[in-house]
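J.: Okay, these came from TrEMBL:
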- B:ARG61, B:GLY95, B:ASP116, B:SER161: S-adenosyl-L-methionine binding site (BINDING)
- B:92-189: domain 'Methyltransferase type 11' (DOMAIN)
- B:GLU162, B:GLU165, B:HIS166: Mg(2+) binding site (BINDING)
Amino acid sequence: MYQRLIFISSSRTHLMTNMLSLNSSANRFYLSLGNVANYSSKKYYDIVIAGGGMVGCAMACKLSKESALRGMSILLLEGGPNRKEYDLSAKKNTLDKLYSNRVSAVSKSSVRLLQSIGAWQIIEDLGRNNAVKEMRIWNSGAGRSGGINNVLAFDNVKDLAYIVENDTILGALYKKINEEQNITVNYDTRVNQCNLSDSHRDLATVKVANGEISFETSLLIGSDGYGSKVRSAISGQQYIGWEYGQRAVVATLHIQSDEDNIYKGHVAWQKFAQLGPVALLPLDDKTCSLVWTTSYEEANRLAELSDNEFIDALNDSLSEEKESNNSSLLLADDAAHILANVLNKYCQSNDENKQSKKIKSIPPIVVGVIKDSRASFPLGFGHACQYVGQRVALVGDAAHRIHPLAGQGVNLGFSDVTELSNQLNQSVLTGADIGDLNALLNYQTAAQRHNVPIMLGVDGIQKMYGSKNNLVPPAITTLIRNVGLTICQSTPIIKVCIFKMKLMIIHVYILYV
Amino acid sequence: MNLIAKKTNISNSFFIFRTLTQNYVKETVNAHEVEHHSNMKEYWWNSNGPLNALHSFNPLRVSFIINGLTNMKKIETKNIGTRQSLENIKILDVGCGGGLLTEALARLDGNVTGIDPSKELITIANDHSVILRNKNIKYFNESIEEHVLSNTESYDAIVTSEVLEHVSNKYGFLTKCVDCLKPGGSLFVTTPNRTICSWLSVIMLGETFNFIPKGTHEWEKFICPHELQSILENNCECDTISINGLSYDPFTNRWSWTDSTDLSYALHAVKST
């Protein structure tokens, strides 16, 4: 039963060979050290983060706060200069509130991340976080029904999200980064080339565009936006992406709203106009940030307009007059109205909900635009099939790019940050290398499971509501859009249906048994 | 009463049989096992390669070792839950192979020694350990009988992970391991169980569908937890602290703890003082 055993050799020769092999490996070790010493421009950091945007900065802060990663050296490579705008003292002056035109809707989970870093407290102290308590979403083509049946309103006793300017978030994050000793920030350095090895043994090398310096690292994190250089360095990478053919026009607006309850200054509006969604995100009770998605030609036309003409164009787009003249659109609107009535009768329980939501859906009137706050940027969709590779991981827009209509872009990025730092923390606690592929693959699975459904959902909404399609007559798209909103508004109907289905299944089951 | 007496009789006779057979095979190293594992040197460190199950096993076995040592109050309080959790703990990894587990333990600041009878694998392990900076890690190409000669009672913990199933003389192997252990030190073993379940999953499914390299395991050599426990408690003056069941999902390549020890298990024993 047992195999015959063979003495391999006497213990003495064994020890000899041991010594030999140890010597040779030690030599190799010193040789490699010598190599490092020769190329003195090659500096080693445990973690290199390419791109110091909101997501990259949050990544650096979060990693330095993790218990297992304490004391690891982190290098943050930022393409831009060390900007004065990040100096938060300018924001403290509360009398003369000047807002930046780029804002983000920060969700609850992102707030938790920023709280754990300590950046949220800074933002709160500045008073630059405005809570959104209600969202009103409506569709174009609300004719005779007065826009009641196709308004979708979410409101919550708790806050839905917070509107914060991007540069305030960045300023708070950079303040935290500067307090941290283990984080080094290199400004004006853009990643030019990344050398990623297939072997577990070799380190990743990052070459910087404006100098001969290159960095060696155990883990390279790419947060360098949708044109990521790090992403293209991952072997076997496939990137699925397309342009929407639309641009987002942003501006900071003064508005006039006749609201005078607790919701004043806390309502976000979004209108699905024919050319794309228009969103007004509240900054305070008089000021709003605009994100107006529209076609390229329209965006160019809007850029040419004077401020006053721009305000008129925006107010026209927010109100309904032009579209409601078309008889087929009116028909579509009526159909949706009837459907809404039927749905309401079907689920009686929904009625009290409906009553409270039958609020005046009059859009706010824009009265002014802050000087030099108008700008526009292109929109697209992007998905990296591989978020990770040997000693490399992607976070934020480098891995995924979505339409801003739901305000989810930065929140997806922040959820990546939370997920990646959790996985790294866990794997380092069990003795794994910081760039261990297994931990990174776990991150990829978790992050894609979270992101891809949201991305597809947002893309679907964009396709349905956010674009003009020449093949389908506008009446039909309007009808479908309205019906969609009506069904969303009365979601309890779905619950009722499912409940009845269950009952039926149980009945059938009992019959057969 | 009668039944218990009968049972002790049976186990005694088993014990006599085992001592007889095990005294017959003295060596703990099997040449063909060493050769088989040496052939894996090309892909030992390839985490997507044929040994990916071994790679993904690391987090679980490392946390098992850390938890065991924490329970025995071997880990300093300030180091619990940090990257330095094994600081000042002397660990011997018997049958370290390419050093997968050895490096993980060294990375947690343990003072780790790895021994393996395969010269090729020790070379691989030495080469790979270059990526560790300033860590205490040593490798020796020797068997446990050779190692025990100069290292009696000198380790705080001994780890033999996925090794016992390749050893014929389990009795000799385990006593030698325990001889290296300081009194009160911990022995950690992970190995597959000898059940129909493990035969089906390890030999039939695992090696047929290449989750494990072909010919790695001989089911007859597997050991049941109660057999292992009886050797440790009757012959090695050890107390078994815990036996935990392990399960593996080849599709997600993930290991997890379960209640059932049918497939594979991890055992923690402590040498009595």
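Every residue gets a Cβ built from N, Cα and C, even glycine.
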J.: According to DSSP, folded down to helix, strand and coil, what is B:SER161 (S-adenosyl-L-methionine binding site)?
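T.: Assignment for B:SER161 (S-adenosyl-L-methionine binding site) reads strand.
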J.: What whole-number Å value do you get for the CA-CA distance of B:ASP116 (S-adenosyl-L-methionine binding site) and B:GLU165 (Mg(2+) binding site)?
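T.: It is 15 Å, counting Cα to Cα.
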J.: Per DSSP, B:ARG61 (S-adenosyl-L-methionine binding site) is which: helix, strand or coil?
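T.: Helix, per DSSP.
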J.: Around the Mg(2+) site formed by B:GLU162, B:GLU165, B:HIS166, list the extra residues of the same chain whose Cβ is within 8 Å of the site's Cβ centroid.
T.: B:GLY95, B:VAL163, B:LEU164, B:VAL167, B:THR191, B:PRO192, B:THR216, B:HIS217, B:LYS221
J.: Counting every protein chain present, what is the number of Cβ atoms, excluding its own, within 10 Å of the Cβ of B:GLY95 (S-adenosyl-L-methionine binding site)?
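T.: I count 27 other Cβ atoms within 10 Å of it.
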J.: Quick check for the class: what is the C-alpha distance, in angstrom and rounded, between B:ARG61 (S-adenosyl-L-methionine binding site) and B:GLU162 (Mg(2+) binding site)?
T.: 10
J.: Could you tell me the C-alpha distance between B:GLU162 (Mg(2+) binding site) and B:GLY95 (S-adenosyl-L-methionine binding site) in angstrom, no decimals?
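T.: Cα of B:GLU162 (Mg(2+) binding site) to Cα of B:GLY95 (S-adenosyl-L-methionine binding site) measures 8 Å after rounding.
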J.: So what's the mean pLDDT when you look at the domain 'Methyltransferase type 11' (B:92-189)?
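T.: Over the domain 'Methyltransferase type 11' (B:92-189), the predicted model scores a mean pLDDT of 92.
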J.: With every protein chain in view, how many other Cβ atoms are within 10 Å of the Cβ of B:ASP116 (S-adenosyl-L-methionine binding site)?
T.: 28
J.: How many helix, strand and coil residues does the domain 'Methyltransferase type 11' (B:92-189) contain under DSSP?
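T.: Per DSSP, the residues of the domain 'Methyltransferase type 11' (B:92-189) fall into 41 helix, 28 strand, 29 coil.
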J.: Taking only same-chain residues 6+ apart in sequence, whose CB is under 8 Å from that of B:SER161 (S-adenosyl-L-methionine binding site), what do you get?
T.: B:PHE57, B:ARG61, B:ASP93, B:GLY95, B:LEU101, B:PHE188, B:VAL189, B:THR190
J.: Within the chain of B:HIS166 (Mg(2+) binding site), which residues six or more apart in sequence place their C-beta under 8 angstroms from its C-beta?
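T.: Within the chain, B:HIS166 (Mg(2+) binding site) has Cβ neighbours under 8 Å at B:ASN30, B:GLU33, B:HIS37, B:GLY95, B:HIS217, B:LYS221.
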J.: What are the sequence-distant neighbours of B:GLU165 (Mg(2+) binding site), meaning same chain, six or more residues apart, C-beta distance under 8 angstroms?
T.: B:THR191, B:PRO192, B:HIS217, B:GLU218, B:LYS221, B:PHE222, B:ILE223
J.: Tally every other Cβ atom lying within 10 Å of the Cβ atom of B:GLU162 (Mg(2+) binding site).
T.: 21
